[in-house]
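I have placed the structure first, in the form of C-alpha cells, so that the comments after it can refer back to it.
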Amino acid sequence: MQQRRFGAHMSISGGLYTACERGRRAGCDVVQIFSKNQQQWRARPLTDDEIARFKEAQITEGVPVVLVHDSYLINLAAPGDELWHKSLEAFREELERCALLGVPYLVTHPGAHVGSGEEAGMRRVAAALDRVFESGAGDGVTVLLETTAGQGSSLGRRFEELARIIEYSRYPNRLGVCVDTCHIFAAGYDIRTPEQYAATIEELDRVIGIARVKAFHMNDSQKELGSRVDRHTHIGEGCIGLEGFRALVNDERFADLPMVLETPKGDDLAEDVRNLKTLRGLRADTNYR
C-alpha cells in the first residue's frame, strides 16, 4: 500500500518558516498554515528573505507546506457589494501569497449567502473566483472549495453546492475540493462504518467527481450526524469514531492526497502527535511508521 501524507495545521508564530519545524517535531509529512493573521483583512507584503527562508525550511525540515487556508473573514458569497469587494481583494492577496510561497493549494470556505438564497450565493462565489482568476493572481495555485457543516446560511453543506460553484465558474481547471470529515458528518453524510463511508464517497464521486478532491481535513465531530454544528475533536473521540477514519486512510483512491488534522491543540504539540499516531495506527500496512 502506498504511504499516506499525514499532517496538521501549524502555527506561523515567529515566522512562516517555523511551521515546518513544528511540523517535523509533531511527526507531520505535510503541513497546512495561514499565510498571515487570519483575523485581519490585510497583511504586510512578504519580503524576499521571508520567502527564501520559508522555502529553505521545507527542505531542511523535510516537511512541505502543501495547503494555505485563507482568512475566515472572507465571504465570497456576500450579497452586499462592500463586503463582497473587500472579500474579493483579500482573497486575491491570499492567492498571490500562495504563489509567492510556492504552495500549490489555497483552501477557502465558499461563504454565506446571508439571506440572499443559495442560488444567488453560489453565483456570487463563482463570479468572485472568476474575477480573481482573470486578474492573473496566483497562477499555478489551485483553489480548494471546502465542504462545510452548513451552519447558518453557509454554502458547501451539500456536495451539489460545490459542484454548482465549479460549474458556474469559467475556470473549473483552477478549482478543486477539500473534504472536511467533521463538516460532512455534521452536514448529514454518514461515514461511521465501511458501508456508510463507501456510500458517501460514491455520492461524492457522482456529484463532484473524486478527481476534484485534492485534500482532506481529518477531524472527528463533537456533534451528532446532521447537527450542522462545526465542532472538531480528536480522532476516535467523537461521533464519527475510528472505523470511518480507518476506511478513509486505507482508501487507495486517495493515496496521494494530504490528510491534515485541524483538531484541538494545547500549549505543545502533544495532541497532534497523538492524533497522527492514531491515524497511522489505522493503516492496514502495519509497517507504516
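Any Cβ shown, glycine's included, is placed from N, Cα and C.
Listed in TrEMBL for this protein:
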{"type": "BINDING", "residues": "His69, His109, Glu146", "note": "Zn(2+) 1 binding site"}
{"type": "BINDING", "residues": "Glu146, Asp180, His217, Glu262", "note": "Zn(2+) 2 binding site"}
{"type": "BINDING", "residues": "His183, Asp230, His232", "note": "Zn(2+) 3 binding site"}
{"type": "DOMAIN", "residues": "24-277", "note": "domain 'Xylose isomerase-like TIM barrel'"}
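This view paints the features noted in TrEMBL onto the structure.
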residue : record                : contacts (Cβ under 8 Å, 6+ apart)
His69   : Zn(2+) 1 binding site : His9, Gln32, Ile33, Phe34, Gln38, Leu106, Val107, Thr108
His109  : Zn(2+) 1 binding site : Tyr72, Ile74, Glu146, Thr148, Ser154, Gly156
Asp180  : Zn(2+) 2 binding site : Glu146, Thr147, Thr148, Phe216, His217, Asn219, Glu262
His183  : Zn(2+) 3 binding site : Glu146, Thr147, Thr148, Ala149, Gly156, His217, Asn219, Asp230
His232  : Zn(2+) 3 binding site : Cys182, Asn219, Asp220, Ser221, Gln222, Glu262, Thr263, Pro264
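Taking the Cβ of Glu262 (Zn(2+) 2 binding site) as centre and 10 Å as the limit, one finds 18 other Cβ atoms among all the protein chains shown.
Report note: the Zn(2+) 2 site is defined by Glu146, Asp180, His217, Glu262, and the residues of the same chain whose CB lies within 8 Å of the CB centroid of those residues, excluding them, are Val107, Thr147, Cys178, Val179, Thr181, Cys182, His183, Phe216, Asn219, Val260. His217 (Zn(2+) 2 binding site) counts 25 other C-beta atoms within 10 Å of its own C-beta, drawing on all protein chains shown. Asp180 (Zn(2+) 2 binding site) carries a strand DSSP state (E or B).
Residues His183, Asp230, His232 make up the record's Zn(2+) 3 site, and a Cβ search at 8 Å around their centroid adds Thr148, Ala149, Asp180, Cys182, Ala186, His217, Asn219, Ser221, Arg231, Glu262 from the same chain.
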